[in-house]
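In TrEMBL this protein carries:
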- B:Glu134, B:Asp165, B:Gln191, B:Glu239: divalent metal cation binding site (BINDING)
- B:His384, B:His457, B:Glu532: Mg(2+) binding site (BINDING)
- B:381-523: domain 'VOC' (DOMAIN)
2 protein chains.
Amino acid sequence: MKLGIATVCLSGTLDDKLAAVAAAGFDGVEIFENDLVVSPWSPKGIRDRCADLGLTIDLYQPFRDFEAVPPDVLAANLRRAEHKFDVMAELGADTMLVCSSVSRDAVDDDDLAAEQLHLLADRAAERGIRIAYEALAWGRFVNTYDHSWRIVRRADHPALGLCLDSFHVLSRGSDPAGIRVIPGEKLFFLQLADAPRLRMDVLQWSRHHRLFPGQGAFDLPEFVRLVLGTGYAGPLSLEVFNDVFRQADPNRTAVDALRSLLVLREEVGLGDLPAAPPLDGYAFAEVVSRDAEETVAALGFRRTGDDVWRQGGAALRLRAGDDTRIATVGVVSTSPDDSRRRAESLLARPLPGGAVAAPDGTALAFEAGLPPVVEDGLLTGIDHVSLSAPFDDVDQTALFYRAVLGLRPEPEAEFAAPFGLVRSRSAIDAGGRVRVAHNVAMLRRGDWAPAVPDPQHIAFTTPDALAAADAMRAAGAKLLEIGDNYYDDLDARLAPPRLDDLRASSILYDRDDDGEYLHFYTHILGGRVFFEIVQRIGGYAGYGAVNSPVRMAAHRRLRLGAVPS
Amino acid sequence: MKLGIATVCLSGTLDDKLAAVAAAGFDGVEIFENDLVVSPWSPKGIRDRCADLGLTIDLYQPFRDFEAVPPDVLAANLRRAEHKFDVMAELGADTMLVCSSVSRDAVDDDDLAAEQLHLLADRAAERGIRIAYEALAWGRFVNTYDHSWRIVRRADHPALGLCLDSFHVLSRGSDPAGIRVIPGEKLFFLQLADAPRLRMDVLQWSRHHRLFPGQGAFDLPEFVRLVLGTGYAGPLSLEVFNDVFRQADPNRTAVDALRSLLVLREEVGLGDLPAAPPLDGYAFAEVVSRDAEETVAALGFRRTGDDVWRQGGAALRLRAGDDTRIATVGVVSTSPDDSRRRAESLLARPLPGGAVAAPDGTALAFEAGLPPVVEDGLLTGIDHVSLSAPFDDVDQTALFYRAVLGLRPEPEAEFAAPFGLVRSRSAIDAGGRVRVAHNVAMLRRGDWAPAVPDPQHIAFTTPDALAAADAMRAAGAKLLEIGDNYYDDLDARLAPPRLDDLRASSILYDRDDDGEYLHFYTHILGGRVFFEIVQRIGGYAGYGAVNSPVRMAAHRRLRLGAVPS
């Protein structure tokens, strides 16, 4: 089964796009007309370039506003089509996408639409070209796949078939089960896009907010299974319009896109990815910084090796360097070799020593066993690791972690931080022992908004947050101080037990239906990394997102120095 | 009439926000609860700070999910309210915003809502506090202003009144005319926000996409006239949630916000802004660059003064400098003094020599007369000036030009450029002689997408684009070459007259219902500024936006150098 992508998914000119698509490892491309129109390459030049790169040209798209029109418009449209057939002949493309009409010239007449599409298919067939008719979700009269199929069936021409696009089908809430009645040989093309579930104008939703499979809310595995069930044997091809991808590095986007298609292929039972082995928890986290040792010692960690610090079941590796960051996340896999093979099959770059590079630059390491437990610590292990990714990359980075580690996504949180909205995504393994979060500003920030909302952190578990905070302060740990206004509001909202103790120890608090969450923070190291200590009571499932703005404002205060009154 | 703003409109911590609000010149603020909760300042400290800055605290907001609940929830809600009354007492705020409930605890019972709000108003009155009840557009049971008014009237308590928010009223499509039946003394507060006309979930629309007055699609002048007609004498206060403003420099945002309120005040017949004098056209444009002289000479301009170059009715000033840009836009005003006074009243910074600074850094100069016409040129004048603004600033920058010059906005265009979507806004004066466009990337770009799509340009008018292009090429002008694919597509789409001539001269073409547009471009100077030559035939009203991606790809090609085949 060939894997393809439409050039419109990527940023740049056609030469940028084709090089990126080939380098990522796709088999073919859909050539988006406007990419060709603005290109200095002739269609023949594009054909040669694709051949050099080992890419097939699977579709030329789109041809718009053709069918169900008065005779004079039909004549003009056929003239226009002949021009495009000329381009396709030179290009060596044999399938043209025709979208259902949005034109004021069109009338609501299925017979006329079928008759005129038959005529178009006749002309196309003379040139060895096939027409794939697609119902746009906002087509004027034809906007559902079953309606487009009725017209194609009525037109009854061997060179006329359907193009199905998951966005157009699923965004309308159409039941895709009806796909089963379409013969596979009449499905000429399959375009795939995911999307977040938005209640908005479907045209705007489609043009700006499509996502690669697995990043949105659509049930694409079910959709693809239905299509494959018809006998469809054409490519799985991505067509994703997204404001971010349109301006992001196409080499990066193409790799993320292909990974997303590989995951989808696995979900429908095809391909040969090694399954994700179960995880046993965190093995360690590695932090690069200039000055972490003092901080982690005050948190109760003890050096147990050259760069290894341990406490309870928590292990840290500290490496000296100016570029402060969480450099490596180590997880315990029941089969490190399989984990590594899966990661590499999902296009992760192997690193020396057996780790792989995640798209956010973090190394992901797979260890065979849990670290030995050091007795008598305040902390018992790592609760979660919170990474940051640029706004442009977070969807793809989160998908990488989920797909490689076999994590299940948790509900997203969005909160108003002092310097802009922040979106928080997280995922958790089946055993509930590995939680990975990604926080990201909603927009790329300008000069004003500082980097403070986007640091990374490691959260350690403790059975007693109050005792831990006291002991750590006594050991000289620089913990984040929280102002009285927070506790007055907390009293008004939740009236938690031991409010005065929480206030005295600057411990934040949250509650859900299943339990409570007590948590506190260190200062930020090197402007980038801080530590959190968390106590989960009962089945509290979240991460205290409601308190994030409080934490962010307090971190900013430290950065600014003294405050009035 | 006092002018105010909610702290939630701005980025930063409360100290950043209050300083920005005061510096811009507002009279008062609404304190957004979360800004207080995360602040290290005590409520008393905030009160003192506002007093020092000369700001009144006009509203404390919001208090949520109060009314129409079972007795135990009511007790908890009253406890919560008493806590907030304590805060308000210390803060010195006398009006609290209560939003209509979205809680699962609430029931659909207006009598119960009125009874419980009466109780809340009683408690508030004891503390000298007033309750302003507001219907959220997504309130569970109360989501229209007339419904909130029925409940307030039924509750019949002197300390209970309404808060009207233009977004909540106008986003629902409610007819605001019913506001006339509300007595002015029961309108406790007025919040103003504009918004683009989006078809999307109203909560998301409100949280992310509100705009300052004049930047969106709402008829705010009509809304404010209706409210003032009731006898309302409280502040005009802005409450705008916007992803961009949340992370932009609050000093800048506050000035833009106040300007927008000053314009709105003028539109309802209040305030004392000097009217915008009629314009006669462009006086000149000033370009800073290292190497413009050779280019403009090849375009047929002649030096007529130290830094002045003229051709027909077009005048350019060229100034040597490394920071290539359009430095000054000079317009001909029938009263330059009034134009200048209006600009300064609208918070434009005066510059030496009588010009003013626009928010995008461009100087705006007002001249008394048109430049003398030089005979026998290829060019006759300036058609439009296209400026660029960062994505964060374009709405405010466009509003500045429109408000200061008295321009009318034209329909927006959005197009997919090779490096991302571009939004183009333009405005035109009553006489059709001054057109100002702003092009902006939809998102702040990362490292990949180069600056090429965001340069500035000056478009000159010619009566004969083909002759002008030939003469300019003969004079050695470096004009942008357009590839064959464009003309093949143009033939298919529009089949324009003289296609071969257009192709031979690399002239782009567009057509609308009223006329035609022929246009071509120079190379980009200093990575930032280029020139366009345009011929308008008939009443063509646009700017050839459909051809922008072609132009952008061609400019990028030049930057990259040689291309294959």
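Placed from the backbone N, Cα and C atoms, the Cβ positions cover glycine too.
Location within the structure of each feature annotated in TrEMBL.
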residue	record	Cβ contacts under 8 Å, 6 or more apart
B:Glu134	divalent metal cation binding site	B:Pro62, B:Leu97, B:Val98, B:Cys99, B:Ser100, B:Ser148, B:Leu162, B:Cys163, B:Leu164, B:Asp165, B:His168, B:Gln191
B:Glu239	divalent metal cation binding site	B:Ile5, B:Ala6, B:Val8, B:Cys9, B:Glu30, B:Asp165, B:Phe167, B:Gln191, B:Leu192, B:Ala193, B:Arg210
B:His384	Mg(2+) binding site	B:Ser426, B:Arg435, B:Val436, B:Ala437, B:Ala459, B:Tyr543
B:His457	Mg(2+) binding site	B:Val385, B:Ser386, B:Tyr521, B:Val529, B:Phe530, B:Phe531, B:Glu532
Assigned element (helix, strand, coil) containing B:Glu239 (divalent metal cation binding site), judged by DSSP: coil
Residues in the domain 'VOC' (B:381-523) grouped by DSSP into helix, strand and remaining coil: 39 helix, 51 strand, 53 coil
Site with most surrounding Cβ atoms, counting all protein chains shown within 10 Å, from the binding-site residues B:Asp165, B:Glu532: B:Asp165
CB-centroid shell, 8 A cutoff, divalent metal cation site B:Glu134, B:Asp165, B:Gln191, B:Glu239, site residues removed: B:Gln61, B:Leu97, B:Cys163, B:Leu164, B:Ser166, B:Phe167, B:His168, B:Phe189, B:Leu190, B:Leu192, B:Ala193, B:Ser237
Shell list (Mg(2+); ref centroid = CB of B:His384, B:His457, B:Glu532; cutoff 8 A): B:Asp383, B:Val385, B:Ser386, B:Ala437, B:Ile458, B:Ala459, B:Phe460, B:Phe530, B:Phe531, B:Val534, B:Tyr543
